[in-house]
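Scroll down for the structure; my scribbles are underneath it.
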């Protein structure tokens, strides 16, 4: 799962609308990095030591997964991103996520309610970076605790912090409380979920007929997912206009009066596809949108992909196909 950065530019023009269709979500399978050596301290906590940590710092982007570990009879893993961004902040941040593994032997109607701390360990002075969270993990709908920008990468790298010692860094999770409950499937329960705004995954396709003619920012027509209006913003030369990377964001349009002042958590995948071959470039993240009377910030990726790659591999007779796949999960 990828991380979402924000964009707050106004909208202007462009693009052709296609029909919205529903698609199924396909969760990723975690891989154990060769340089990582996770170790379980006790049954209510887990430490993940990554040796050769500088190699991760040199990565351009993406998530690194720990191996599986067991807490309270359930299997979990951690996800780490060293290139995350906060809204309105251009610095890189360390993000850490707790994920309930699909290999956990739970029935589909079970909800795991967990309170826990995510940690970055100070290996010399014990001044650990700790963030406390609560999350309802659902076996089919919401296995991830959501993106957590913990500290700036520059803080992590400071020699005085002792977060990195001998080219190793230690991350972890401490469980505070965990309970399992059975979700109700009565009509009343379904009605409550609908009121709270949960939605199935849906996809919207935006066809840009002449990508090479685009200048500055451009916007898709509005479309509906989860009972709310959205639109996409693309910067074909990058939000910084450098011409090196294409930037792509999802925006929430001005909501209805009854929905204002609420917030929704969205699982989002943005893709650029070749309409003839199987080439596809996708980034995935979990982002929170505030519903206000005005159109708010967008969430997405400033460096979605290299502009040269789009031109070389993803255009068909000058046209470009963009897809937004999203679900409201909280």
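Numbering starts at 1 and runs along the chain as displayed.
Yeah, the Cβs are placed from backbone N, Cα and C, and that goes for glycine too.
Curation plays no part in TrEMBL annotations; they are all automatic predictions.
According to TrEMBL, the protein has these features:
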| type | residues | note |
| --- | --- | --- |
| COMPBIAS | 1-18 | compositional bias 'Polar residues' |
| COMPBIAS | 20-37 | compositional bias 'Low complexity' |
| DOMAIN | 43-175 | domain 'MATH' |
| DOMAIN | 201-326 | domain 'MATH' |
| REGION | 1-37 | region 'Disordered' |
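Over the domain 'MATH' (43-175), the average per-residue pLDDT in this prediction is 84. In the domain 'MATH' (201-326), the DSSP tally of helix, strand and coil residues is 13 helix, 68 strand, 45 coil.
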